[in-house]
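Notes for the one structure printed next.
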Amino acid sequence: MLHTIMNIEAAGTLFVVAAPSGAGKSTLVNALLERESAISLSVSHTTRPPRPGEMYGRHYYFVEREEFEREVAEGVFLEHAEVHGNLYGTSRTTVQGLLAQGRDVLLEIDWQGAEQIRRSKPDCVSVFILPPSRAELERRLRGRGSDAPEVIERRLRNSRGEIAHAHEFDYVLVNDVFDDALADLQAIVRAVRLRSALQWQRHEALIAELLAPGS
Ligand code: GDP
Ligand code: ADP
Ligand code: 5GP
């Protein structure tokens, strides 16, 4: 019994976080990663041009569309999707390598990618982040100052279609007061790590001691 549970739970947990553009997903995820060092963030490939300050290999692997499409054909991606007119994809080998080492991995991807991941990795834990209002979403997108006005308009137009998929996620949180939303996100990660099968594996020696016959 113990052996079976251990085999099933040997790999790390795959977290999937999605949100409409400007909801605060990257800010929340970066703050989470400062607090929970045992999670690795998957760096996606994208055909979107870099924003000022974005670095190759840190924020994204920025590639040409032709290269991206070749990689799709080669099966490089665990999931990929077209979002706001650009292609985005998650590297299969990177994610599977980290999970096999027992690391937790977090994907910051859109709802279409989340749908694909749910199909191939049904054990994943998915979180959707909502903004507190449409006006605040618009204010954050404009206030971030990273996108051209027409890009912002397109992202705002697309936000309804994305939010309509929020119910497909395991958890939904509202990023109103930042520290509250961060505490919610951290609570989700912590609760997942406390699931009994994982704890059974982690505390094998303790459980063996507690169950040992004797005085
Ligand atoms: P953001 O809105 O500031 O995160 O702007 P980006 O241009 O960085 O991302 C646009 C959308 O693409 C967001 O919904 C991201 O979650 C999504 N995205 C980023 N990387 C991936 C990926 O590897 N796969 C998929 N499917 N979506 C991605
Ligand atoms: P996303 O990754 O979802 O597109 P960002 O993380 O880039 O969004 O956040 C969009 C903007 O909103 C950034 O300027 C960020 O600093 C700001 N922001 C994030 N969370 C909050 C919050 N709770 N209150 C106010 N501003 C926020
Ligand atoms: P900027 O992109 O210029 O850093 O921030 C845009 C707006 O989002 C500003 O009003 C800023 O105060 C707010 N903001 C940025 N980061 C955070 C955060 O972590 N928490 C909160 N509560 N507000 C933030």
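Any Cβ shown, glycine's included, is placed from N, Cα and C.
According to DSSP, GLY22 (ATP binding site) is assigned to coil rather than to any helix or strand. In sequence order, PRO131, LEU137, GLU138, ARG140, LEU141, ARG144, ARG155, LEU156, SER159 constitute the residues six or more apart from GLY22 (ATP binding site) in its chain with CB-CB distances below 8 Å. Per TrEMBL, ATP binding site is recorded for ALA19, PRO20, SER21, GLY22, ALA23, GLY24, LYS25, SER26.
If you look up TrEMBL, you'll see 12-190 marked as domain 'Guanylate kinase-like'.
Those residues of the chain, other than ALA19, PRO20, SER21, GLY22, ALA23, GLY24, LYS25, SER26, with a C-beta within 8 angstroms of the mean position of the ATP site C-beta atoms are ILE129, PRO131, LEU137, ARG140, ASN175.
Counting every protein chain shown, the Cβ of PRO20 (ATP binding site) has 24 other Cβ atoms within 10 Å. The binding-site residues in question are SER21, ALA23, SER26, and the one with the fewest Cβ neighbours inside 10 Å is SER26.
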